[in-house]
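Worksheet: the structure to be examined is printed underneath.
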Ligand code: NAD
Ligand code: IPM
Ligand code: MN
């Protein structure tokens with residue numbers, strides 16, 4: 001098969017973890033006799049530095065055409081003085097997600113066995129943790145009117161019933177393939193959008209009698225996630241809460257550098273990216289953990305190309321590398337970003 005995708009390394013550690021993931025993909029396509037057609041494009045600060053818009057037309061066109069996108073990260077201190085849509089975050093990543101209608105962002109939290117003793121939480125709390133966060137990605141406060149007025153600033157948060165309904169359906173459908181439990185997280189004691197969220201999720205849940213539905217307020221959820229992480233199966237939440245809760249979930253998994261994500265729509269387009277950012281504090285030093293990016297590439301093979309065996313081969317190789325402590329400093333190891341990429345690739349080759 002010809003694996004054609006758009007590669008957006010972006011900023012900071014994006015190109016470093018990206019290079020490791022490409023190395024693994026090259027090995028996989030060699031071992032499984034595929035060809036790779038990589039369309040590298042500019043995005044974020046890298047695009048701005050090249051004199052382009054944060055999301056150049058050629059980049060968007062490539063994403064739309066290939067329908068499979070592997071992205072590193074955007075943003076960093078160099079572009080923090082910029083405002084509004086001139087910023088890498090607001091001018092590239094958000095419009096990319098919005099224009100491709102990628103409203104369903106899936107972020108898994110399943111600590112690898114090899115990491116149970118490396119995570120900040122105790123092994124007995126973590127063992128058996130296996131949940132997925134279904135984060136709404138194209139609505140809410142990120143996309144409402146924002147601006148300044150006399151003496152202040154505002155960010156409007158809006159959700160339509162249709163937006164809540166479609167992400168709830170994704171969550172319940174996923175729960176039907178898993179342990180049949182949905183935990184919906186909101187702030188319905190305060191926010192009107194959360195009251196709509198809760199009502200709509202209740203309505204959708206009536207179509208899924210086999211699925212147990214639990215509602216939690218987001219403040220309490222930050223605590224429950226750490227004290228009883230094994231109780232969750234599918235965690236359904238809105239855009240900003242999902243952003244915050246998944247960084248917290250990374251603590252259960254040992255590092256920000258191990259959680260991949262898929263952003264999907266109703267069609268076939270998929271955007272695959274680690275949940276972490278450009279990590280300016282470690283960029284350019286070979287310290288970044290490439291596992292989240294490598295797992296994002298595996299998800300792209302599975303979900304955009306239907307290459308299940310290839311995706312599983314990468315995931316097994318990652319598990320093997322973690323078991324053997326072939327890891328970067330964030331997980332207590334001594335390997336560089338590129339060395340982890342090579343270790344995972346070697347394991348893919350050895351297993352073939
Ligand atoms: P961050 O996720 O970049 O980093 C948070 C902390 O986690 C840092 O200490 C960093 O060193 C560490 N970390 C992150 N990824 C790691 C990895 N792969 N290996 C080892 N350690 C890792 O968040 P931040 O520092 O708050 O944000 C930095 C920039 O990234 C900001 O401009 C932000 O807007 C942007 N950002 C972009 C994305 C994205 O493109 N999807 C996501 C989050 C943040
Ligand atoms: C993420 C990031 C982005 C988000 C930022 C960079 C816009 O934090 O993907 O988690 O908040 O969605
Ligand atoms: Mn985030």
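Sequential numbering from 1, following the chain as shown.
Yeah, the Cβs are placed from backbone N, Cα and C, and that goes for glycine too.
Note: TrEMBL annotation is automatic and uncurated.
Some features that TrEMBL has for this protein:
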DOMAIN    2-344  domain 'Isopropylmalate dehydrogenase-like'
BINDING   76-89, 277-289  NAD(+) binding site
BINDING   97, 107, 135, 219  substrate binding site
SITE      142  site 'Important for catalysis'
SITE      187  site 'Important for catalysis'
BINDING   219, 243, 247  Mg(2+) binding site
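Where TrEMBL records a feature, it is marked here on the structure.
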residue : record                         : DSSP (3 states)
80      : NAD(+) binding site            : coil
97      : substrate binding site         : helix
107     : substrate binding site         : strand
135     : substrate binding site         : strand
142     : site 'Important for catalysis' : helix
243     : Mg(2+) binding site            : helix
279     : NAD(+) binding site            : coil
287     : NAD(+) binding site            : coil
Spatial neighbour of residue 243 (Mg(2+) binding site) that is closest, considering only the binding-site residues 107, 135, 283, 287 and their CA atoms: 135
Separation of alpha carbons, residue 88 (NAD(+) binding site) and residue 135 (substrate binding site) (Å): 21
Fewest other Cβ within 10 angstroms of its own Cβ, chosen from the binding-site residues 279, 283: 283
Shell of the Mg(2+) site beyond 219, 243, 247, same chain only (C-beta within 8 angstroms of their C-beta centre): 218, 222, 240, 241, 242, 244, 245, 246, 248
Cα-Cα distance linking residue 107 (substrate binding site) and residue 279 (NAD(+) binding site), given in Å to the nearest integer: 19
Length of the line joining the Cα atoms of residue 283 (NAD(+) binding site) and residue 219 (substrate binding site), in Å: 32
Using Cα positions only, nearest of the recorded positions to residue 80 (NAD(+) binding site) (107, 142, 187, 219, 247): 142
Fewest-neighbour residue among binding-site residues, criterion Cβ within 10 Å, set 76, 88: 76
Filtered recorded positions, from 84, 97, 107, 142, 247, 279, whose Cβ is under 6 Å from an atom of ligand 1: 279
Listed recorded positions with Cβ under 6 Å from ligand 2, out of 142, 219, 243, 287: 243
For residue 187 (site 'Important for catalysis'): intrachain residues, at least 6 apart, with Cβ closer than 8 Å: 194, 217, 218, 219, 241
Recorded positions close to ligand 3 - of 76, 107, 187, 243, only those whose C-beta is under 6 Å away: 243
Maximum Cα-Cα separation (Å), residues 97, 107, 135, 219 listed as binding substrate: 27
Residue 142 (site 'Important for catalysis') versus binding-site residues 76, 84, 88, 107, 287 - nearest by Cα: 84
Site of maximum Cβ density within 10 Å, from binding-site residues 80, 243: 243
